[in-house]
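Encoded as structure tokens, here's the structure I'll be asking about.
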């Protein structure tokens, strides 16, 4: 038997190889037929596939992908112990189960048998069965096999069955049945079986018990299933070719048993032995073999089957074919099914792996089924049998991977961020409102002192600096990261560029140590310099943005992720090297600002603005340094909420503080009394700084020469300036004066009050003068004739009835002289002043007028009071420079000049005070010795000619000056005073003798500046406008310094010749006149309107006064002749020219002295031609000169006028 078995195996091998050789040795003529046969069989097979793949409840691989159906069937149909064994693989569960027969897993979800055959662990057994079946087909279809009987070939069949178990270890049992007749007998005649028992193979001949195969049961389904499928209806075209041709035809089509598709698969089953299930799942593979009848018709001969142990075969529930395929319970939208190999024939051998962004709430077992121990009884409920629902939950937002519900991305505090963005929006709104408020109060002194355009620029830049907090509130993106750099750098350049340039302008203007005028940095020039700075920053940002866009093309992102100490990630704008460079640039720029703050630390300013700007710059430097340090060191570990709060704190500690430092003092200063800062404040408005000289030695008139300013503003300011100069002149005159007694009195407070209010003229003065005028109009003409002698040139000016009305209706806008650069306030500001202050001013001014006009006040009292009051207010002579504070109310000239501050008193107040005192003392002594006798005669002459001049000019002035608006205040000379039309020869004669007359005869006090003395030499100023002072007798010492820069040195000799003819009364006229003339003058002041005329010339630098004698004809620059010719042309314009002139002429002291001098009358006529006008003037015209006399009285006390 062993030899026969081995020979049978060798035959099987040769038969298998022979089939391949026969197929390869076919001739070409037969191959087309073979291809056609294969094509027809493929079509037949394709038509049969739908039926083969239809779900069949009797097989376990029916198509079903719902895992819930499997769980329900296992719970309802499968015995409890069998289901537990199927899930756990524990064979102890089967020992408790009783059985009467085999149990098959039929009707469960699965795939078709044709797809199940692809399992790799079953390929060996399937191939072995197929080869054995093909061998039997070949043997039975040969001619010789027909002649042999079954009994003769029994040994060969036994050897074939034995070889199947020896050739494939997975086969546990093999059997073969053989029938002599195909369908006549229901049971086979031969039934051979080989069983593997541990290490040996048991071969049995069960032919005697083969009759039980005739019954169709589950155990005999492998035989009856194949027998029922056989039908003898197959007819082939090669049936008439003989046995040889028929054999070739069968071999070409591989026979009926030569294909794996002909193998029948049984469902997995458990065998029942001795009333219990044997452990291990089995499957039966069976295939039929056929023979040929004598007429070459194939007939069914038998079935060969093998039982395969499935205990080592894995169930792949994740696969698309095979047993229980597609029965996993993983959710494919959030998880993925992964089979687990090596667990055997058990269910649940897979795991649901959550996809990216999902996690499972708990860690589950390897096969997703809790294996039960041997003592655990299967409950049979659906919950226990069914698999757990493997639902993967999504991770927190922003987490690509997670293991639990903990967030991997930083969770933002919504309420905190909402509060921050709300407050930031409020601050931005307030910043915008501040821009509107600043524009609304653009005419206020505090706003104009800093410059409206510059303040608006700072507020706009602050609005840009508020935007980084708004950008960081949103999720970082490439656009937002780029925009963050833009708003930060542009805002920084705008705000702190403007602040630094303002400090630079203060440094250039206030700390210039030269008397020469320097190019002044106006607001427009500062804006141009700021535009250069912003343009540089803009160009850098454009280049940086271009490089960032190029990096994006190279996959270099601008937005990255940071990680906190808690391993929480967050998105952030990455920091590159350019950020370090911009931080260094900001630091260096702020260092320059700190240097400027240190340089201008001693410069006095209005509202202390440089001081506040210095605090803002230092604060920005310190806070920004801390901010950049934290940002660069902790940026990758600082979560977005902290970064937002860092930007928020940095913004408000710098930007908000800067805005507060610049705006709060401006709006809060109006409520404080600025009297303490009278001598130290200096406005730095671009108009003020550009329209004032650098020092007092620069001509004050040159401050207005190149600006299209309002002449009224100029006159208002100059009137106050001349009043201050008068105070200093009187102080120097009484200093060390041997003619005055040294006597201390108790009226020092009166002097202080005079000095404090010396530049203030309240409305009460006008009302008081108007009341006195009504009472003393009857004798005003007689008093006026005595006064005209002192001021004959006043009659030639435009002084008349309009001055009287203007003085009554005028509201003096400046109540007090704040400092060097005081501003002229509007009528609205005046009306809102406190009543207590006006009452105090009224009392003070009444006391001032009484002190100046009273006969009982001795000269000694004047000396003491004025000396004490002057010393109580330091540096009061400093130029106010507020002439352009009202320039925004009126359109300015298109061309702006560049002028400087007059701060000479700040530099050398003590030195000049001593120098002026010495000169004034000498002047007073000489004038008093030379001018006592000829004084009455000179006064009579002056009275006559001043009356005639006033008669001619009064009607025109009355008509034209009433048309002026009465809002402006101040009694100032016009910038161009026309000669009287009644005396045209005077103009021509003045032009002809310009080079011949002696300066000493006209203005003797001006020669003091040309003589060597203790007065420090001061450089000459440039082209200027000579504006006449109110009274030459009262301010020769102060005016001499201004005019000394323009006097020719040849005037020294002529001055010495006529110097002795000056009388004391000409220098100090108030000492010789009584109280009555002063009272008359005070009564007439209210009748004299003081509307300042407008010199409407296009070029303000060409406006010169034509007064030659003691203020009426002041000294002219080298272009004096051309200016005089222009005056003659303007005289022909008649009333229009007279309308533009308003003057408070002074008493020509030089002319009086010339009348008393021994010089011929003709020389005096050349100097003062108006004194020799025809005397045929009507007597009624003498009364017209009284307003001029009253104006003289008003000019004697110029202090309270402002």
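Quick reminder: no glycine exception, Cβ is built from N, Cα and C everywhere.
Since we're looking at a predicted model, the values are computed, not measured.
Copied straight from Swiss-Prot:
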COMPBIAS  944-958  compositional bias 'Polar residues'
COMPBIAS  975-994  compositional bias 'Polar residues'
COMPBIAS  1132-1144  compositional bias 'Polar residues'
COMPBIAS  1151-1162  compositional bias 'Polar residues'
DISULFID  99-272  disulfide bond
DISULFID  481-573  disulfide bond
CARBOHYD  98  N-linked glycosylation site
CARBOHYD  143  N-linked glycosylation site
CARBOHYD  215  N-linked glycosylation site
CARBOHYD  274  N-linked glycosylation site
CARBOHYD  333  N-linked glycosylation site
MOD_RES   694  phosphoserine
MOD_RES   705  phosphoserine
MOD_RES   708  phosphoserine
MOD_RES   865  phosphoserine
MOD_RES   946  phosphoserine
MOD_RES   1061  phosphoserine
MOD_RES   1076  phosphoserine
REGION    85-281  region 'Cache-like region'
SIGNAL    1-24  signal peptide
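Could you place the listed features in the three-dimensional structure?
Neighbour count (other Cβ atoms within 10 Å of the Cβ, all protein chains): 17 for residue 272 (disulfide bond).
Around the Cβ of residue 481 (disulfide bond), the same chain contributes 558, 559, 573, 574, each under 8 angstroms and 6 or more positions distant in sequence.
Long-range Cβ neighbours of residue 98 (N-linked glycosylation site) (same chain, at least 6 residues apart, Cβ-Cβ under 8 Å): 275, 276.
In three-state terms derived from DSSP, residue 274 (N-linked glycosylation site) belongs to neither a helical nor a strand segment and is classed as coil. Cβ contacts within 10 Å of residue 274 (N-linked glycosylation site), excluding its own Cβ and spanning all protein chains shown: 6.
All protein chains shown were included, and the count of other CB atoms within 10 Å of the CB of residue 333 (N-linked glycosylation site) stands at 8.
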For residue 274 (N-linked glycosylation site) and residue 333 (N-linked glycosylation site), determine the Cα separation and express it in whole Å.
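Their Cα atoms are separated by 49 Å.
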Using DSSP, would you call residue 333 (N-linked glycosylation site) helix, strand or coil?
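DSSP assigns residue 333 (N-linked glycosylation site) to coil.
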About how far apart, in whole Å, are the alpha carbons (Cα) of residue 333 (N-linked glycosylation site) and residue 99 (disulfide bond)?
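Their Cα atoms are separated by 43 Å.
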Where does residue 98 (N-linked glycosylation site) sit by DSSP, helix, strand or coil?
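Assignment for residue 98 (N-linked glycosylation site) reads coil.
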State the count of C-beta atoms found within 10 angstroms of the C-beta of residue 99 (disulfide bond), not counting that atom itself.
19
Please give the average pLDDT for the region 'Cache-like region' (85-281) in this predicted model.
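Averaged over the region 'Cache-like region' (85-281), the predicted model reaches a pLDDT of 71.
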Within 10 Å of the Cβ of residue 573 (disulfide bond), how many other Cβ atoms can you find? Include all protein chains, please.
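A count of 21.
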Going by DSSP, is residue 573 (disulfide bond) sitting in a helix, a strand, or coil?
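SS state of residue 573 (disulfide bond) = strand.
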